[in-house]
Amino acid sequence: MSLIHALVAEGSTILAEHQGGQRDFSQATQTILSKIPPNNSKLTYVWEQYLFHYISEGGFTYLVMADDAAGRRMPFTFLAELQQKFIAYPAASSSSTSDPPAYSLQGSFGPVIAQLMTQYNTNPPTDELTRAQTELAQVKDIMVQNVEQILSRGERIELLVDKTDTMASQATAFRRGARQVRRSMWWKNTRILALSVVVGLVLLWVFAAQFCGAGLNQCGAK
């Protein structure tokens, strides 16, 4: 689970929150809320192995507790969307003009926080930079796996080079043999053509000799 605890507060008063884990972080969140300055700010607090990211603007604080592995980009994207949903929420305007009690919006806005946290924990949005980094990491993992597979089979680069040279020699021998076969077939076809011409001339002479004699002189005398 990347996002563990999220809340919306006015000053140090929590209006609504959702806690995804079983551990209670109420004391930690109250301590951090008391340290947030009243001016607009955006910051990350580190506590144990967890990070508390917050956006403070217009008197409201949007805070999310996340694992260290979640980084900073995804939690702050979550906070920006949580802020947009809260500003668009009808009860948000009424709470800003009064002094609301703690958890006054828990029943109405708490499920909104829970739904948004579930969405980001199960299917977080990925921007172009994150997608490119993920694809690069996948390619890196594939390359590492391939190298590990080669090493596990005991193969060496020298063997791969030898195999490549052998394939190149075989390809050269194949081309040389193909040229020899083509040359042999050409001479064979030439001999067959010459023999066909000779046979045709002989048959023509035999046919003419039946009428004009063997020397073909009888046709000339007539």
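Glycine is no exception: its Cβ is also placed from the backbone N, Cα and C atoms.
Heads up, TrEMBL stuff is auto-annotated, nobody curated it.
Among the features that TrEMBL reports, domain 'Longin' is placed at 3-113.
Residues or ranges marked as domain 'V-SNARE coiled-coil homology' in TrEMBL: 128-188.
Summarising the annotation, TrEMBL assigns transmembrane segment to 192-216.
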Exercise for the section: Could you put numbers on the helix, strand and coil content of the domain 'Longin' (3-113), residue by residue per DSSP? Expected result: 44 helix, 38 strand, 29 coil
Handout entry: For the domain 'V-SNARE coiled-coil homology' (128-188), the mean pLDDT of the predicted model
Key = 67
